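Record features, source TrEMBL:
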BINDING   Ser10, His71, Gly147, Phe148, Gly149, Gly150, Asp180, Gly181, Gly182, Gly202, Ser203  substrate binding site
BINDING   His38, Asp40, His71, Asp180  divalent metal cation binding site
ACT_SITE  Asp40  active site, proton acceptor
ACT_SITE  Asp180  active site, proton donor
Amino acid sequence: MAHRPLIAPSILSADFARLGEEIQVVAGQGDTRADWVHVDVMDAHFVPNLTLGLPVVQSLLKVTDLPLDCHLMIENPDRWAIGYAEAGAYNVTVHAEAAKDPVKIAKDLRAAGAKAGLSIKPGTPLEDHLEVLKHYDTLLVMSVEPGFGGQSFIADVLGKVRAARRLVDTGHLNVLVEIDGGINAETIEQAAEAGVDCFVAGSAVYGAADPGKAVAALRDLAAQAQH
Ligand code: DX5
Ligand code: ZN
């Protein structure tokens, strides 16, 4: 893997009263520009927290040209995921643990013009979802239990990242490998070494004095650790 690492700041750690402006902070030019903006949708059922939904995503799409990476931590994504694709989200990720018919979801998301993402929680084995993943564009490996920002990185999940990387590099799988949870200047290198392509970072970007500089610094660290 030799391509430029992708950095996706999570607006879960941004100021929810000023989301449009908070996205502009990582939408400058050059190294400080985010590659994607990660939007955490939580329903207080699949996870014990509640954030935002489709109306907010529709409004964000009007104020940014950065690709929106919508991470749906919700029950019944079979019913709700399609709306995010139709609205214009770049990538729509559903949870393998919540999806009833993940292959149909992926087909519908792609037909609506979005990339299809499948996420697995820290305790969910990769092997159980390999067949389904053939229909997906991105694999989001959770490195914390989904629900809250600012938690500690669970390094055990890097085994799944390495396995996915091997399958991609040997042509058995065609997904972009994304990681989410506890990514910061201390943890990003080990994730990059394991083979992650896209790094979600919430508190490490929006908790920084200069979020744009944090994006650039994280990308540099990941690029140096890649092999
Ligand atoms: C957690 C969310 C993450 C969260 C990451 O359930 O899916 O996207 O924003 O936050 P940090 O980077 O602070 O762990
Ligand atoms: Zn997320």
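Positions of Cβ are set from backbone N, Cα and C atoms, glycine also.
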Task = Report the nearest neighbour of Gly149 (substrate binding site) in space among the binding-site residues His38, Asp40, His71, comparing Cα positions.
result = Asp40
Rounded Cα-Cα span from His38 (divalent metal cation binding site) to Ser10 (substrate binding site), Å = 4
Request  = Within 10 Å of the Cβ of Gly147 (substrate binding site), how many other Cβ atoms can you find? Include all protein chains, please.
outcome  = 18
Query = When the Cβ positions of the binding-site residues Asp40, Gly149, Gly182, Ser203 are compared with the atoms of ligand 2, which fall under 6 Å?
reply = Asp40
Request  = Mind telling me which of the binding-site residues Gly149, Gly182 has the densest Cβ neighbourhood, counting other Cβ atoms within 10 Å?
outcome  = Gly182
Query = Relative to the Cα of Gly147 (substrate binding site), which of the binding-site residues His38, Asp40, His71 has the closest Cα?
reply = Asp40
Query = Ranked by the number of other Cβ atoms within 10 Å of their own Cβ, which of the binding-site residues Ser10, Ser203 ranks first?
reply = Ser10
